[in-house]
């Protein structure tokens, strides 16, 4: 983690160097700013760590309970950290990850190529070589590292708002807002291993670097340093999250818009594009030439934008009508070339791993098939729905929404006026944005313009998909704080009432954030103290019983089938082989998952047995919470999605499409519990409790020696 702190200092040093004439008061003021920023980062880290401990009583529960608390895909990722620690050597651990045959039965996959787990590898190596084993348990080393990244996140947001406004009070307001709006800014305390919790701090660092790079009066040496910081932050962001390409696509569209509106120079937009390309290609190499990166829309768009920009001369010449026509043609050419390059790349690479994401997007807008199983899995989850309206109530309760909306509206109006002036002023072609800004009454700095478009683009993304709000709300805190403390907005307001003086401007910029901070302290400090004092305890006896039974009563090489979420926990807690898992970015795995899920469909025992045998399963785990699901409404329950995909009429009262037919067999997960002859001939119940039912598949005469181990039957139904 040391390198990122060194680069933090580079950005902070630039803040100091750009502040003008030095006095002892300036040094003291900046030193206080540094102290406040680091303190808020540490406070955020301690806050989420305390909530995690208090919610689970993590320090007092058993190891298996700690591992079960890593729910769904979190458990899968953490299992590779655990695997690195248990390997005889670092080299052996890496070899096992590169040639893994336990994550997907009957397949050998390169996990470093398929998944973004370099962070688990790095922490596993670090824990082995550091002399901390006697003082810190492996699980605490892991979770404290993730919580420490929250400090990095807050400090990066602090820097961004400081750079935009010129006052560290904006950074203080940003950090406080981030902490108070924890429900909407992060979910790290209960989803520790999620890839976004690793990547978003680096994304915030990258935004801070971009903001610094686009500031005026930056010296060439400073530009190079900031570009290197930008590259490292982008590289770490891309390396730690599989959805990096889609986020970089949105960011590339922002750069494209800034370029079209003549708000940044050609050199700047080219450097920004090249940073993205070099980061993506570096990750492509580190992930053993992962074809998803070469076939990404982000890479295709950047190549198309640079190509068209190079050959389309005179784009920014002529009158308003001529320039609008050229921009329209330029946009059409870039988009057409983007989709052409992307199509050809995917055909050449035979890439279909990311098609489920595009199916989801098409279905979300009503452009794709409504019965597609993969798309429906996403569409039926609340996290992939529209942003709930109560989000804005919570943001307004902390006074974040009001300055954010005012700042957004005012800057959008200013952006429209500046853009119109740029398009009408043909004499400004060739002049840098900084020179044009000095000659106009209303102008907009490039760094402000980027952050404005950033919050607009990612705000629209969050409104359309709730899970994406974490890309937006953190930056929203920095953007709103800039509106409260920024010089430009208050100067504009004071000019409108003809009373703009340095004293009044300074009084408003320093008084208003202090008043807001005092109000927030008075209103929310008691609530925070109450929240961190609430004590709960982990309680999931049925899952603990299941994991204990699997560990003690089944062969170590046994293969388990079941739901993706449960199997991730089985791999972490027991080390058994899986048929499928939650990392969904592989077409063959998605097909297998759909097949394994036929245990919850209306299928014959022979059909289900054949599917599970083809996947190599020895045991199948069925969950009552899925078989009799009530969390989703009719049409979104897993059994409904399977029925629709199979062309069967759904259970329960309600309408069905006319082309659906009645299934010829009852629902497997229900009927197998009757112990009918057709089921007992193929399956043997070996474990059950109030939540889970485990069946062993009966095999033919040819059986492996490992499969002859006896399996004890336990019936603990209460």
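Note that Cβ sites are derived from N, Cα and C of the backbone, with glycine treated the same way.
Straight from TrEMBL, the features:
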{"type": "TRANSMEM", "residues": "7-24", "note": "transmembrane segment"}
{"type": "TRANSMEM", "residues": "30-49", "note": "transmembrane segment"}
{"type": "TRANSMEM", "residues": "117-135", "note": "transmembrane segment"}
{"type": "TRANSMEM", "residues": "163-180", "note": "transmembrane segment"}
{"type": "TRANSMEM", "residues": "225-243", "note": "transmembrane segment"}
{"type": "TRANSMEM", "residues": "284-307", "note": "transmembrane segment"}
{"type": "TRANSMEM", "residues": "327-345", "note": "transmembrane segment"}
{"type": "TRANSMEM", "residues": "401-421", "note": "transmembrane segment"}
{"type": "TRANSMEM", "residues": "442-464", "note": "transmembrane segment"}
{"type": "TRANSMEM", "residues": "470-486", "note": "transmembrane segment"}
{"type": "TRANSMEM", "residues": "507-525", "note": "transmembrane segment"}
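Residues 256, 260, 294-297, 300-301, 303-305, 307-309, 312, 315, 351 of the same chain lie 6 or more positions beyond the ends of the transmembrane segment (327-345) yet place their CB under 8 Å from a CB of it. Comparing 117-135, 163-180, 284-307, 442-464 for CB pairs under 8 angstroms to the transmembrane segment (470-486), the maximum falls on 163-180. Between the transmembrane segment (30-49) and the stretches 117-135, 163-180, 225-243, 442-464, the greatest number of Cβ pairs separated by less than 8 Å involves 163-180. Sequence-distant contacts of the transmembrane segment (163-180) (same chain, six or more residues past either end, CB-CB distance under 8 Å): 11, 15, 19, 29-30, 32-33, 36-37, 40-41, 43-44, 47, 153-154, 157, 208, 211-212, 215, 398, 400, 447-448, 451, 474, 477-482, 484-487, 509-510, 513-514, 516-517, 520, 524, 528.
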